[in-house]
């Protein structure tokens, strides 16, 4: 009987179960969206039990629709929206509050207090991260400070904390395993990425009892088995876990030092594998753990662009320039250039390397001759310019020359964007045959742990190229265009 790996891709707006075969090919995808809660401006929450319900639903759909029996699943891998925080009662299994999502800014005041107390350097030195509401630690503190009775329960050892991977493993194992992996732990603001353990000083700063925290395990590891009543009477190994961006790096087979992937989703997330050394950034990048596997931990540099695919959605829904996001390519290629127009899509501030939350979106270079085509092209070009900002920072910090950029995510189907990306970077861009690299990464991690795949070299051989975009632009034109972008960003930042 043929065996498969099931990957659970628990994202910000939907949960998906993707079944992969031994060749790393997709056999079936099941997806279910769930509700977003916005209780106050800037707050984003999920119901953790609704997420759990969506997981059970997609597992059932994936197996029934594909005709695969539960006993044919050799292992389960989990990849998840990172930083999103769940706190639950360890006796009842009931969350004490909604899951606070990575995007949510409700712990901004806590972050401000930590900065005012001078903790920035300590936190940066130990975690590789910035003090920002984005990360889990201040979200946990917010729950303990604002939910009645929560702090007392936590001090008594009755509450558990977890990122989404921890919550799902706990639920799937029937409460037997309270664990996380190195990649998810490294996003909490509480984990020392050098000592590889929860840091007592950081826990003290945040006021989080150690008893709440999950045990940290490798990213490729059998954590527990599913309880039979959650998996059609079968005990299946839960064998891999990684945060979504780290899973994508693994799914792209970026196993060697200096290999880089960029995911074009709502925003862009670029990660560079830096091997067994954690590089401290001088250019606004985060230092993070890529994964723990084969008895060692490997690190990555990470850069975040806040607005990428959402800029294309803005053209479609806000400005009504087209009805389908795919049409953006058709309009962009009609214009020979952006004709001096620059769009700075800083709708929620700018991420790496600027970290400027006060700047807002701006458009420069408009003339009477500017057309819809110019505007659409300029918006797409902005995604490529922002990616160059991040890659340049990575090259500066690492001292590693980048030979190629591997790409994934929804926007990579846009050939114009990928072409321009290669041109402006002066680096070839490689688009893989399988675009579901996040789910594939967690499947690989689980498959390695249960012996479904033998080693990373077998996985590396499975990576297949769909298209390679070679840079063709002259150096002079590249410099001129990018200088214009930098001027536009500076002007937008001056307008506050």
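Each residue, glycine too, has its Cβ placed from N, Cα and C.
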From 303, 309, 365, 369, the one annotated by Swiss-Prot with 12, 16, 266, 410, 414 for ADP: 309
Annotated companion of 82, 83, 244, 245 at the glycerol site, Swiss-Prot, chosen from 134, 182, 299: 134
Rounded to the nearest Å - Cα separation of residue 14 (ATP binding site) and residue 245 (glycerol binding site): 16
Distant-in-sequence Cβ neighbours of residue 245 (glycerol binding site), under 8 Å, six or more positions away: 82, 263, 269, 271, 302, 438
Winner by Cβ contact number (other Cβ atoms within 10 Å) across the binding-site residues 13, 14, 266, 313: 266
Neighbours of 82, 83, 134, 244, 245 excl. site residues, C-beta within 8 Å of centre, glycerol: 81, 84, 102, 187, 243, 269
Surrounding CB atoms that lie within 10 Å of the CB of residue 244 (sn-glycerol 3-phosphate binding site), all protein chains: 27
